[in-house]
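Visitor: Starting off with a structure, shown below.
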Amino acid sequence: MIQLSWSSIILESGNVNDYEVVYPQKVPALLKGGVQNPQPETKYEDTMQYEFQVNGEPVVLHLERNKGLFSEDYTETHYAPDGREITTSPPVQDHCYYHGYFQNEADSSAVISACDGLKGHFKLQGEIYFIEPLKISDSEAHAIYKDENVEEEDETPKICGVTDTTWESDEPIKKTSLLTNTPEQDRYLQAEKYIEFYMVVDNIMYRHYKRNQLVIKRKVYEMINTMNMIYRRLNFHIALIGLEIWSNINEINVQSDVKATLDLFGEWREKKLLPRKRNDNAQLLTGIDFNGTPVGLAYIGSICNPKTSAAVVQDYSKSTRMVAITMAHEMGHNLGMNHDKGFCTCGFNKCVMSTRRTKPAYQFSSCSVREHQRYLLRDRPQCILNKPLSTDIVSPPICGNYFVEVGEECDCGSPADCQSACCNATTCKLQHEAQCDSEECCEKCKFKGAGAECRAAKDDCDLPELCTGQSAECPTDVFQRNGLPCQNNGYCYNGKCPIMTNQCIALRGPGVKVSRDSCFTLNQRTRGCGLCRMEYGRKIPCAAKDVKCGRLFCKKRNSMICNCSISPRDPSYGMVEPGTKCGDGMVCSNRQCVDVKTAY
């Protein structure tokens, strides 16, 4: 039932005090000749167009199904009353979640659920609008409104629980903006990346939605669709690889202590989830009310880590988009981003990595982008580079979704977004006489010659890759062998040259050095921050020969204090990295200092 009070209306997003009623009309979409074979009948179309008015002006909204929303091996898991785990692989490719743009509006975008009318948000002429159906029988009426017209649900501030920040001051991040990347680094940052995302809904939230799994699924799908639009600007695709609903009992002790819940969820992911379902990142969506004002918490710079590539988020708002933005925020921490400082801007009042959640934010600040890029270049997480093969995509190909699928030669996005001179955005075929589009071994629409460098060696431990002259793809990245001397003071390990000094700088900033040897003897004890490793929550000290393979100790200038860095949410934070030199001809392996000749 719709309740009207003057110009106020109660919608799913809350009480809206000013809105416009529109009647979207579906119009026939132009066929994209030569791209797709005739499609079988489906409930939802791959592409749609709607006409309606915004501020009294007619607009045409083009929608394309978000092909990358689900991975090809997507599964759903719930639990029977007797505790049995039930996992299915439902057909989800005929879904109703779309991205889009407005005709003749270059800087426009849309994130829409078309399951039952049009619901979502869109950007038009620099303004963000929201649209949702008015629940009036036999009517196509929809409400369009701005976020400023939605009344606050309550006055309690909603914040992220992350308090540790790697920024000791504003100065280091400002300085990084002056640095320039190498061509190889730029190519790496611009490459498409993929996160196979696993979502868990706890039993408290399940009961809050009256045990209605369909309602929960739709809510989660809308959230992932929104996250996809947010991360597209960073060249990331978020593919939902699994949804798990704890329909019987919680599989961990979900509690009001947000940190404790995150730690337990990370352990559950590592020990219980990953052995049965691969994923790059997982989040727990809970109906519990966390203590204080936090509505989410995540580990920082941990993507691909078995335990710490995780976050927990409270389902704190009626607004699906607000919770989705919090999920995107927490994933941002996993991807190396910290909270925005006062000088960070994104063109709107609020950015995704703002500490407080008051209004929706859909863009990352310049600070977040730099911090994220710095993390990627430093850690080079591997799981995000797994690109799905076109033959793995089981649903019909869609021209304009940035995925090159069966029957396509290129895909540069929609005609409004495409910036390629080599690709026809309407047909997803190469232009006449073009051999390639935007791959590493493609230049001006032609294959680069054999021997052309397509991926430079990053450092002593990397090898350059060369084009073959027969393909637009750069060969697989290869490295120097482990144990090869590098940078005059280290040994190569998995393509990196782990040097203690560099690790100290990464932890504590420029000008930091490795502490004196006597500091490392603290690793023979378990008091303070000294240790070699953790086993079942218990600190294990180092043997005397292994002290330089435990906690890393750093100092500023001529300080005599033994400084260490710890994070209660990440046991590996501040530890000496594997492969680090711990003596002449010796390297760290499994927290032991061993001969480099036998280590690998």
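Cβ from N, Cα, C; glycine included.
Heads up, here are the entries from Swiss-Prot:
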- 193-388: domain 'Peptidase M12B' (DOMAIN)
- CYS304-CYS383: disulfide bond (DISULFID)
- CYS346-CYS351: disulfide bond (DISULFID)
- ILE398, ASN401, PHE403, GLU405, GLU408, ASP411: Ca(2+) 2 binding site (BINDING)
- CYS410-CYS423: disulfide bond (DISULFID)
- CYS412-CYS418: disulfide bond (DISULFID)
- CYS422-CYS445: disulfide bond (DISULFID)
- ASN424: N-linked glycosylation site (CARBOHYD)
- CYS436-CYS442: disulfide bond (DISULFID)
- CYS441-CYS467: disulfide bond (DISULFID)
- CYS454-CYS474: disulfide bond (DISULFID)
- ASP462, LEU463, GLU465, ASP477, VAL478: Ca(2+) 3 binding site (BINDING)
- CYS504-CYS554: disulfide bond (DISULFID)
- CYS519-CYS562: disulfide bond (DISULFID)
- CYS532-CYS542: disulfide bond (DISULFID)
- CYS582-CYS593: disulfide bond (DISULFID)
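Relative to the rest of the structure, where do these features sit?
Guide: Averaged across the domain 'Peptidase M12B' (193-388), the predicted model reaches a pLDDT of 90.
Around the Cβ of CYS383 (disulfide bond), a 10 Å sphere holds 17 further Cβ atoms from the protein chains shown. Annotation note: CYS383 (disulfide bond) sits in a helical segment as assigned by DSSP.
Here CYS346 (disulfide bond) comes close to VAL352, ALA361, GLN363, PHE364, SER365, SER366, SER368: these same-chain residues lie at least six apart in sequence, with C-beta atoms under 8 angstroms from its C-beta.
Counting only residues at least six positions away in the same chain, the Cβ atoms of ASP46, THR47, GLU64, ARG65, LYS67, GLU405 sit under 8 Å from the Cβ of ILE398 (Ca(2+) 2 binding site).
Taking Cβ-Cβ distances under 8 Å and a sequence gap of 6 or more within the same chain, the neighbours of CYS423 (disulfide bond) are GLU409, CYS410, ASP411, CYS412, LYS429, LEU430, GLN431, ALA434, ASP437, SER438.
DSSP assigns CYS418 (disulfide bond) to coil, not to a helix or a strand.
A C-beta separation below 8 Å, combined with a sequence spacing of at least six in one chain, links CYS445 (disulfide bond) to ALA421, CYS422, LEU430, GLN431, GLU433, ALA434, GLN435, CYS436, ASP437.
Sequence-distant neighbours of ASN424 (N-linked glycosylation site) (same chain, six or more apart, CB under 8 Å from its CB) are CYS410, LEU430, GLN431, listed in sequence order.
CYS436 (disulfide bond) has a Cβ environment of 22 other Cβ atoms inside 10 Å.
Taking a C-beta cut-off of under 8 angstroms and a sequence separation of 6 or more, CYS441 (disulfide bond) has the following same-chain neighbours: PHE447, LYS448, ALA452, CYS454, CYS467, THR468, SER471, ALA472, GLU473, CYS474.
Using a 10 Å Cβ-Cβ cutoff, CYS454 (disulfide bond) registers 21 neighbours.
LEU463 (Ca(2+) 3 binding site) falls within neither a helix nor a strand when secondary structure is assigned with DSSP, and so counts as coil.
A strand conformation is recorded for CYS554 (disulfide bond) in the three-state DSSP classification. Using a 10 Å Cβ-Cβ cutoff, CYS554 (disulfide bond) registers 23 neighbours.
Shown in sequence order, SER515, SER518, CYS519, LEU522, PHE553, LYS555 are the residues of the chain, 6+ apart in sequence, with a C-beta less than 8 angstroms from the C-beta of CYS562 (disulfide bond).
DSSP assigns CYS532 (disulfide bond) to coil in the three-state reduction, placing it in neither a helix nor a strand. Taking a C-beta cut-off of under 8 Å and a sequence gap of six or more, CYS532 (disulfide bond) has these contacts in its own chain: ASN523, ILE540, PRO541, CYS542, ALA543, ASP546, CYS549, GLY550, ARG591.
Secondary structure from DSSP puts CYS582 (disulfide bond) in a beta strand. For CYS582 (disulfide bond), the same-chain residues lying six or more positions away in sequence with a CB closer than 8 A to its CB are ASP546, LYS548, CYS549, VAL576, CYS588, CYS593.
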Visitor: Among the recorded positions listed here (CYS304, ASN401, CYS418, LEU463), which has the Cα closest to the Cα of CYS554 (disulfide bond)?
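Guide: Given the candidates CYS304, ASN401, CYS418, LEU463, the nearest one is CYS304.
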Visitor: Whose Cβ lies within 8 Å of the mean position of the Cβ atoms of ASP462, LEU463, GLU465, ASP477, VAL478, the Ca(2+) 3 site, other than those residues?
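Guide: So the extra residues in range turn out to be ARG455, ALA457, PRO464, THR476, PHE479, GLY495.
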Visitor: Drop a 10 Å sphere on every Cβ of the disulfide-bonded residues CYS304, CYS412, CYS542, CYS593 and tell me which sphere holds the fewest other Cβ atoms.
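Guide: Lowest Cβ count within 10 Å among the disulfide-bonded residues (CYS304, CYS412, CYS542, CYS593) is CYS304.
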Visitor: Please compare the recorded positions CYS351, CYS418, LEU463 by how many other CB atoms fall within 10 Å of each one's CB, and tell me which has the fewest.
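Guide: Across CYS351, CYS418, LEU463, these recorded positions, the one with fewest Cβ atoms within 10 Å is LEU463.
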Visitor: Measuring Cα to Cα, how far is CYS418 (disulfide bond) from ASP477 (Ca(2+) 3 binding site) in Å?
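Guide: Computed Cα spacing between CYS418 (disulfide bond) and ASP477 (Ca(2+) 3 binding site) is 28 Å.
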Visitor: Measure the Cβ-based neighbour count of CYS410 (disulfide bond), defined as the other Cβ atoms within 10 Å of its Cβ.
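Guide: Around the Cβ of CYS410 (disulfide bond), 25 other Cβ atoms lie within 10 Å.
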Visitor: What's the number of neighbouring CB atoms sitting within 10 A of the CB on ASN401 (Ca(2+) 2 binding site)?
Guide: 23
Visitor: In which DSSP state, out of helix, strand and coil, do we find CYS504 (disulfide bond)?
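Guide: Note: CYS504 (disulfide bond) is helical by DSSP.
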